């Protein structure tokens, strides 16, 4: 397959798709961006609006347009954002979207597969772990080329929370949130550190600042997305930046280690469910899944997260 160099397709022109479109353009790495939506006028409007930004200084002359699934044929990266999102008055659990959005994802994947099985697909649609599992296991598409955003945003939230409490730049906070992008996610505290200082020493070293409580941080991370949803009606900026981070790692073949969702195949003794663990991201997608050292309690939490997701997968109603 001959790709158009640095061509990206966004499927879905809703709040998230629009934010993703503008976020990836700001990378200044793309030659062409196509947006697809069931509402063609919405896609055209988003593309036209975004295209006007390319006239500003230091913006490359990117081709931005609305298109259709044929545009996937020579795309390097495809981002799936389509599907209903949680509303503030919904039951505030991403898993309630499972049946509906798996059907949406099924339709999208069937259309993509008509034209390519070479592009890297980034799955954003919630519940992202369920959607990622479905995409990886039902279309004979290379699994390493399908990546769910997973707990990448949760990890950014955790780092921001800890950085703020200790009054340090959150980019100097290291560690991961693992498992489900949702209620059973957890921070791998055994790996969290600031400048190499392990978490269990941080309260002593930063004794003039807030004493960080693990359970409090985990709850704040899990509640962050819901809090944004309640306040503004939807989430968009954080997840769009998460997508941009992945796109940059792929286009530049960075070999970056990021916590993303993929079907586990024996890692930590877990099989046949997609959830987030650290993965090496390259121009091929997921190059390698890493079993970082976890405490016994953290492995138990990962298994609990897996069991939670498996129960949803088992109960899916995928009648088309």
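Just so you know, glycine gets a Cβ as well, placed from its N, Cα and C.
Marked as active site, proton acceptor by Swiss-Prot on the basis of sequence analysis: 181. Of all the Cβ atoms in the protein chains shown, 31 others lie within 10 Å of the Cβ of residue 181 (active site, proton acceptor).
Reduced to three states, the DSSP call for residue 149 (NAD(+) binding site) is coil. Marked as NAD(+) binding site by Swiss-Prot on the basis of sequence analysis: 16, 37, 42, 69, 107, 124, 125, 126, 149.
Around the Cβ of residue 127 (substrate binding site), the number of neighbouring Cβ atoms within 10 Å comes to 24. In the three-state DSSP assignment, the secondary structure recorded for residue 127 (substrate binding site) is coil. Per Swiss-Prot, the feature substrate binding site maps to 94, 126, 127, 128, 129, 154, 155, 156, 157, 235; the stated evidence is sequence analysis.
If you look up Swiss-Prot, you'll see 159, 174 marked as beta-D-fructose 1,6-bisphosphate binding site, on the strength of sequence analysis. Its own atom aside, the Cβ of residue 174 (beta-D-fructose 1,6-bisphosphate binding site) has 16 Cβ atoms within 10 angstroms in the protein chains shown.
Here the candidates are the recorded positions 157, 159, 174, 181, and by Cα distance the one nearest residue 42 (NAD(+) binding site) turns out to be 181. Mapped onto three states, the DSSP output places residue 181 (active site, proton acceptor) in coil. For the pair formed by residue 174 (beta-D-fructose 1,6-bisphosphate binding site) and residue 16 (NAD(+) binding site), distance between Cα atoms is given as 27 Å, rounded to the nearest Å.
Checked against residue 155 (substrate binding site) by C-alpha proximity, the recorded positions 16, 107, 181 yield 181 as the nearest. For residue 157 (substrate binding site), applying a Cβ distance below 8 Å and a minimum sequence separation of six or more within one chain yields 177, 220, 221, 224, 225, 238.
Residue 127 (substrate binding site) sits 8 Å from residue 181 (active site, proton acceptor), taking the C-alpha atoms as the reference points. Candidates 16, 125, 129, 159 (binding-site residues) were compared with residue 181 (active site, proton acceptor); those inside 10 Å Cα-Cα are 129.
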